[in-house]
Structures are given as C-alpha cells and as structure tokens.
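One structure is given here, and the rest of the page talks about it.
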C-alpha cells in the first residue's frame, strides 16, 4: 500500500482499551456461546434419543441410535458449518462484515428453535427433520466464525488484539458448560417430577413419556442469549478496515470510528485517495501473487486447524462413550433414561469447568506475552503427550480405582487444546491475510477445521469400536486405545505444521498482511 497507513487505522491500532472493545467482545462472543452450545449439546441427548425412538423392550439393553443415524445426528451440523464458513467468509469480503453478521444470528436462532420442534412421532420423521434443521443451524454457525474473528481483529488495537479475539472464542467454553448445566437442570427437574425405575428393573417404565420434551428443551434453550444480542449486532458500525480499504471510503471510516472511540479523527482525503490507488492491488485468492505472499500461510492455517479438529471434536462429541467404557458412567441398563442424561451432563460439566474453560482464559492471559506461535506449539505438543499418557497404559485406566486418574489426564488434553491450538488456529487467520481476503481466508481455514471435525465425528464413532465385541450394528473397529494413538499422531503432525505459522503479536494488520511495509508503520508510529 503506497503512502503509508491511513490515520483512522493508525488511531485504531494505537487506541487504548475502552468500553467499546468489551462491548464488541460480548456481542461477538455471545454468538460463539450459542455456536458451542448448539454444536455440542447434541452429544448430551443422543443416548436419550436412542432410548426414546429405538428401544426394544425385548432386549437386555436400552435402545441406542443406529450407527448411520448416530453419525448423521452428530455430524450433520458440522457439514452445515463447513458450508457456512466458506459461503459467509466469501460474502463478508464482498458485502461487508456487518451486513452479513445479523443474518447469521437470525438463521442460528430460528433453526435452533426449529430443531427442538422436529416434526412427526416416528423415529424417521423426527431424525429427518432434526438433521434438516441442524444442517442449516450449522450453516449459520459457520458464518459466525470468519465474521466474528474478522470484526474483532479489525476493531482491536495491535497490542491487545490477540487477547480480544481469544476472549471472543473463549465464550465457547461457557457455551459448552451452559449446555451441560441446562441438561443437568432439565433432567434433574424431570427426574424428580416423573420418577422411574432403571431399565434392568422395569424396561417399559424406565422411559417416561415426558422425556420427549427434555431433549427438545435442551436443544432450544441456547437461543435465548444469542437472540438478546441481535439488536447490538445491528448497532455496530462496519469495521474501519472494510470501509476504508475495500469500500474505499476513508472519510466514512473516520466518522464511524470517531463515534466509537469518542474522539475526533480527521482523514486527509488526498492522502486517503493516494492510499486507495496505491493499495488497490486487485490480485485475488487464486493468483500467483497470493501464492507467493500467503500460500504457505494458507497451508499452515488450514492444515493445523484440520489436524486439531480431528482430535478436538472426536474428544468432545464422544466423551460420553469414553466415560462409559472406562467405567466413570455406569452401564446404561442400571439407570433410567433421565438418570443417564443427568450423569452424562454432570461429567461433561466437570470436564468443561476444570479443563476446557481454564484453557481458553489462559490463552487470553498469555497470548500477548508468549505469542501465537509458541502457544500453538506448546498446546499441540502437550496434547500429544497426554494422549499417549492415556493410550499407552489404557488397560490401567480402565481398571476399578483408576477412573479418576483417566478423567484428570483427559481433562488436561482439553486444557492444552484450548490453551493452545483450538484458540490460536482461530486467531491467526484473522490477522495474517489482507483486508479484502481476510474473511474469505479465515472461512477457508475454518472449513478445513470442520473437515477434520467431520472426520473426527464420523471416524471416531466407528474406529473406537471394540476389535472383538463392537456395539450392535457397528463393524469391528480398532478400539479406544488405538484410536487414542491415532489422535496422538494427528496432534504431533499439528506440532510439525505449526512451524509454518507466522508470529503476528504486536504488529499492525496491514504490516502482517504485507499491505504496508515495516518502515511505513514506523513512520506512522514514531518511537
């Protein structure tokens, strides 16, 4: 970009942390709160769905979702998310971040409510409509990834930008915890209102008819906090970087940011035009220039997110199955339907509270000290270590008396995922690409992650089956022990691919993306 940095952008980079930063974190963060709630609450209710719609009282064990149904219910939202990330990422660069931002939230709220109102009474009818609405729910969630990250990165100052983006993403942890708390509260309330014997004691009466309301309430409840933030999303001005660098209206960008920062920003029109003309490189995503400048960056951000999500989503979505197999949750037939949901929710709440949430906020606290690169390297490496710590002595962990040790080790893998690559893979793509391709490239990187999540969701379901006695309807797998070895391998590959990730700590977005040279920034920010 010729002519150095625009005044409005340099003012944003140098701005002190103030109220509008925290408002932006809350507004964008509540979207991620809902994203996490909606994506992960399904793992809480799949066993209940199996009991309600697939129980055969002539069998010794309660009903479970068939393999193809379980894979579809669990993974269909991830497929929608992948498509939404690509589409809304591209749209955010074409139409503006703000103009698309409200639509994604409306889509999330409507489809989340609709997924709890799935039509019909037969298993096929309920599952088909649930999958339909969860696909479009995922599509809306997908848009939130590139838009929230880009908006927060373009609003923030350069000294605390990483912490602010990490704080937005950290709301995922509260969304996961809130999902578990809602499931705990609803299942506990219904258990006391409609007591029932265990499946072993009375197969028919272990499932009360009112249980059909439980999963619907849980799926729908997460829309409330997101809906409350819609008004504030619409009140946010377009980011200055989109207005000035893509829409080429630096004067409007200065006026918008003057209101937000409560300070008068004057933009020299002649200088702004010079910057616009000089910065008007029109090379696109599929050009040689992009390949030369950002080809390795895109390989790094897509591959690391892809490898991370294979492990992260398989751990999150199937932790209930792992807990059952290591004996932390009793066999299904010893509980009634609502008690099983209660115990699964309690386990997930403990993991979220002790491992997931602290990891996110450690990233917020240390990212501007350690930098993105070292946090990601450390996170992948420690995830590899703890996965091997679970896999090598797996038989030891499954014997009575050692379940608590397994859960502690398992919790540490979540801690270092979030104080590590699960946060940094979200942050870095929002910083290192030029403004006109920032949302698109973040969407591509996030979509690569969701491709990994789909592999984790569908693959782990089958791979973790016992080599000798798989669950009914499933082919023989490699077993949980070997599946943990595979996840350790993907984490190690993530450590290797992180070597390609550039460090963006403390730099202006225009310098990182090579839109402004370092000497231009020094001219704008003299020592």
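Cβ atoms here come from the backbone N, Cα and C positions, even for glycine.
What TrEMBL lists as domain 'Major facilitator superfamily (MFS) profile' is 24-506. The transmembrane segment annotation in TrEMBL covers 20-49, 69-88, 100-119, 163-186, 213-232, 296-314, 347-367, 374-394, 406-428, 440-463, 483-501.
In summary, the transmembrane segment (163-186) lies against the transmembrane segment (213-232): three or more C-beta pairs, each 6 or more positions apart in sequence, are under 8 Å. Under the criterion of 3 or more C-beta pairs below 8 Å, with sequence separation of 6 or more, the transmembrane segment (374-394) and the transmembrane segment (69-88) do not qualify as touching, having fewer than 3 such pairs. Below 8 angstroms of C-beta separation, residues 38-39, 42-43, 46, 49-50, 54, 100, 104, 123, 127, 130-131, 134-143, 145-147, 313, 317, 439, 443-444, 446-447, 450-451, 453-454, 457-458, 461 of the same chain, each at least six residues beyond the ends of the transmembrane segment (69-88), sit close to that stretch. Counting Cβ pairs under 8 Å that are 6 or more residues apart, the transmembrane segment (213-232) and the transmembrane segment (20-49) reach 3 or more and are in contact.
For the domain 'Major facilitator superfamily (MFS) profile' (24-506), the model gives a mean pLDDT of 88.
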